[in-house]
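Residues or ranges marked as domain 'J' in Swiss-Prot: 5-70. Residues annotated as zinc finger in Swiss-Prot: 139-217. What Swiss-Prot records for 152-159, 169-176, 191-198, 205-212 is repeat 'CXXCXGXG motif'. Positions annotated as Zn(2+) 1 binding site by Swiss-Prot: C152, C155, C205, C208. Positions annotated as Zn(2+) 2 binding site by Swiss-Prot: C169, C172, C191, C194.
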Amino acid sequence: MSKKDFYDVLGVNRDASDDDIKKAYRKLAMKYHPDRNPDSKDAEEKFKEAKEAYEILSDAQKRAAYDQYGHAGVDPQAGFGGAGGQQGFGGFGDAFADIFGDIFGGGARAGGGGGRNAVYRGSDLRYNLEITLEEAARGCEKQIRIPTMEECSHCHGSGAKPGTEPKTCPTCGGAGQVRMQQGFFSIQQTCPTCHGSGKQITDPCNICHGAGRVKSQKTLNVKIPAGVDDGDRIRLSGEGEPGTNGGPAGDLYVVTHIKPHAVFERDGMDLHCEMPISFATAALGGEIEIPTLDGAAKLRIPAETQSGQVFRLRGKGIKALRASQHGDLMCHVQVETPVKLTDRQKELLREFDAISQGAPAKHNPKAQSFMDKLKDFFGG
């Protein structure tokens, strides 16, 4: 059974509020509750998934661990103290009572799914990777270390001390579940004795303490393709947690997070930057040097350029992901007012201002237009 992303299960974004998560869970739980779908295995499975996702995402500490480490961060056998694993409906405590106590009489429990003696696919993992804008634009290879679980080499995954074997659970007879009668409803519940495994370990392994798996770390080289954006996911098949009882391993999802850049702002495939130019260059025109991801480039500034004007350098943006196209670089020029002027500079500016007074509409069209609007406003 594949472990799905908890946010995808509830249909919410990763920045969803607690209230949004609760509303999403209530909607799904009402739709797929076993009492409303007594003969639907699909509804039963979706109800289970929604309950498990809500249990994790409604708890701030568990949610933080899940965001950082994925399913490994909330697997009780991983030593992180969260809920997870291959539980049935049991073990969710307040998550179920909080939502359904007022609907089904409080304290209700439901069960389903096989015990842990069945074959299960390993959990998917998530790794948040920070990269620079240059690395995102050109592509790169990064080495990462991820927390994971591996089969205990001492007991070979049985959880029992070498030389001993787990025994069949006397409570559920190895089924991993027990059935409870509550009023008109017959409800399955994870066995409280073996917690769904169908087995009891009377003499646990002194290395993994009965879990059958131990915490570990592994190093991977991840190829980041050119053009990735913030929040893109790179799937590494089979690099998640190992499966149980011979099941296939899960996948690792590397999520890219691009660091803020000192010069550029990214907008899809396009880049934006601000370039200060002098008053004289704006008025008379000239050539300036601007930065690009490929190095310095020349930009011709036409005469009479205004502050805020945007110049496009085609093909100087970000390469499209898995395509040959490139975005553009949008250069926003900002005309700087000169400061700390010398006496001579002040003299020349005063002379320029005096000359300009004779034809304000010609030399300062925006100012003249504004003055005309003021006259109309005041009835002048």
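Each residue's number is its place along the chain shown, starting with 1.
Placed from the backbone N, Cα and C atoms, the Cβ positions cover glycine too.
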Quick note, C205 (Zn(2+) 1 binding site): same-chain residues at least 6 apart with CB under 8 Å of its CB -> C152, H154, C155, S158, G159, A160, K161, P162, G212
C208 (Zn(2+) 1 binding site) sits from C169 (Zn(2+) 2 binding site) (Cα to Cα, rounded, in Å) at a distance of 20
Restricted to the repeat 'CXXCXGXG motif' (191-198), the mean pLDDT of the model is 80
Inquiry  = Is the repeat 'CXXCXGXG motif' (205-212) in contact with the repeat 'CXXCXGXG motif' (152-159), using at least 3 Cβ pairs under 8 Å (sequence separation of 6 or more) as the test?
reply    = yes
The answer, for which of the binding-site residues C152, C208 has its Cβ ringed by the most other Cβ atoms inside 10 Å, is C208
Between the C-alpha atoms of C172 (Zn(2+) 2 binding site) and C208 (Zn(2+) 1 binding site), the distance in angstrom, to the nearest integer, is 24
Checked against DSSP, the composition of the repeat 'CXXCXGXG motif' (191-198) is 0 helix, 0 strand, 8 coil
Reduced to three DSSP states, the zinc finger (139-217) has 0 helix, 35 strand, 44 coil
CA pair C194 (Zn(2+) 2 binding site) / C208 (Zn(2+) 1 binding site), Å rounded to integer, equals 17
Counting other CB atoms within 10 Å of each candidate's CB, the least crowded of the binding-site residues C169, C194 is C169
Residue counts for the domain 'J' (5-70) under DSSP, helix then strand then coil, are 48 helix, 0 strand, 18 coil
Excluding C152, C155, C205, C208 themselves, the Zn(2+) 1 site's Cβ centre has within 8 Å the residues S153, H154, H156, G157, S158, G159, A160, P204, N206, I207, H209, G210, A211, G212, R213, V214
